[in-house]
Amino acid sequence: MLLAAYASLAVLLAATLGLELFSRRTPGPATNPAFACFQHRFLRTYLPALAADWLQGPYLYKLYRHYHFVEGQIAILYVCGFASAVLLGPPAASLVDRLGRRASCVLFSLSCAVCCLTKLSRDYLVLAAGRVLGGLATALLFSAFEAWYVHEHVERHDFPAEWLAGTFARVAFWNNVLAVGAGVVATALAEWLGLGPVAPFMAAIPLLALAAVLALKDWEENCGPPRALAKTCGDGLRCLLADGRVLLLGTVQALFESVVYIFVFLWTPVLDPHGPPLGIVFSSFMAASMLGSALQRVAVSARYRLQPVHLLALAVLLAFLSLFMLTFSTGPGQESPAESFLAFLLLELACGLYFPSMGFLRRKVIPEKERVGVLHWFRVPLNLLACLGLLLLHGSDHRSGTRSIFALCAALMLLALLAVGRLFTVGRHDPELRLPPPHGPPESPEL
């Protein structure tokens, strides 16, 4: 497994680099200096926050095992995080508008740093509280920073709204790079330097402090209009039920992403007994996802023009195949770590195809004013399914339970595939679900 982890990382990174170079051969339009400066101010604050978040991924399960908790107890800790995401997500969005976006970014850094510090404790309740706090931090990370940027971009600087896509494309690229790098750094701290599984969490704290300081130093405060939480959720539910396309997208998202959440919990106990460096394995997963994203960009480019709904179907199909493999490779007495590792890489490749394709379709069919409410309702079944899966694992024998959960995940992915097929039928002649004409104006300046 040691050699396989390093070899897969090298091969995946080489393939991704080749695709990136291939997809960027065409020169873009000239850079706008004022926009480039503004974008740089945003990225140099947001990227350390993302890096701190990724550093906490590779060794979370390993840390709990290091503290001698059994798998059922660890599953409950993960459930605490997922449940807090459901309960704290909508209030966090309202808090961002009322408190201010910059202040909310600083609050993210503070809450995430405290969450990291709780990992120093071996007390189960303290660790559970840290998971709840981590749920709040995650909600702030993926709402406050982007909300601040969109307001400044459109309202204060009056840049074209079409340029937003360029910034978020850069965020997505560097987010993938940081994810791969975080796995390597986590391995260096926890294993190569022998500092133990808590070290990556401590290393995240200076990055969080840097993000907070840069936000206070470089950013102006901005606030959104106050939104009634009940009205936001009510409008989102009405939109969800009124448009069949939105309902189908929500079904696919809930099924696919709940499986991904369960995978986040299960990959470590499946592979760790066979001795691979967990950070390098994590980096390999992120490199596979990065390769999937690069494939998606090439596929939707003017040269190939594959439709996002087709790529979404391909992503779900690949995920189903990976989970089908895992139901056999994790069977009691017939474990195959190499096959499981390959299946996990295939699942991450599917994720790389899935997320940009799903993002395109959501932007097309969900009205902007109902977006927050609709996305909240998308996340409710997503997190509930993930919690249910982990609770089922908590109540079963470890060895047979893992295989059963992967079989359940394969069934969920099969349902997602049926929903994508229905979406394809409904949207076959729907221009909103298709790529725009190939010869339109560029969406953003090349940077």
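Backbone N, Cα and C define each Cβ position, glycine as well.
The signal peptide annotation in TrEMBL covers 1-18.
Feature annotation from TrEMBL assigns transmembrane segment to 75-96 (among others).
Taken from TrEMBL, the feature transmembrane segment covers 132-150 (among others). Sequence-distant contacts of the transmembrane segment (132-150), counting only residues of its own chain at least 6 positions beyond either end whose CB sits under 8 Å from a CB of the stretch, comprise 42, 45-46, 49-50, 53, 56, 80-85, 87-89, 92-93, 96-97, 101-102, 104-105, 107-108, 111-112, 114-115, 118, 164, 167-168, 219, 222, 224.
Same-chain residues lying 6 or more positions outside the transmembrane segment (171-192) and placing a CB less than 8 Å from one of its CB atoms are 9, 13, 43, 46-47, 50-51, 54-55, 57-59, 62, 199-200, 203, 277-287, 289-290, 293, 356. Look at TrEMBL and you will find 171-192 (among others) tagged as transmembrane segment.
Per TrEMBL, the feature transmembrane segment maps to 198-216 (among others). Using a Cβ-Cβ cut-off under 8 Å and counting only residues 6 or more beyond its ends in the same chain, the transmembrane segment (198-216) has close neighbours at 44-46, 48-49, 51-53, 55-56, 58-59, 63, 66, 102, 105-106, 108-110, 112-113, 116-117, 119-120, 182, 185-186, 189-190, 279.
The transmembrane segment feature in TrEMBL is assigned to 246-267 (among others).
The transmembrane segment annotation in TrEMBL covers 279-299 (among others). For the transmembrane segment (279-299), the list of distant contacts is 5-6, 8-9, 12-13, 15-16, 19-20, 22-23, 54, 57-59, 172, 176-177, 179-188, 190-191, 200, 267, 271, 306, 311, 315, 341, 344-346, 348-357: same-chain residues at least six beyond its ends, Cβ to Cβ under 8 Å.
Residues or ranges marked as transmembrane segment in TrEMBL: 311-329 (among others).
Look at TrEMBL and you will find 341-361 (among others) tagged as transmembrane segment.
Taken from TrEMBL, the feature transmembrane segment applies to 373-393 (among others). Tertiary neighbourhood of the transmembrane segment (373-393): same-chain residues 71-72, 75-76, 78-79, 82-83, 85-86, 89-90, 93, 232-237, 239-240, 246, 249-250, 253-255, 257-258, 261-262, 265-266, 362, 366, 401-402, 404-405, 408-409, 412, selected by CB-CB distance under 8 Å and a gap of 6+ residues from either end.
Annotation source TrEMBL lists transmembrane segment at 405-424 (among others).
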Chain residues outside the transmembrane segment (311-329) and at least six past its termini with a C-beta under 8 angstroms from it: 252, 256, 259, 270, 292, 296, 299-300, 335-337, 339-340, 342-344, 346-347, 349-351, 353-354, 357-358, 361, 403, 406-407, 409-410, 413-414, 416-417, 420-421, 423-424
Of 246-267, 341-361, 405-424, whichever stretch has the most CB pairs under 8 A to the transmembrane segment (75-96): 246-267
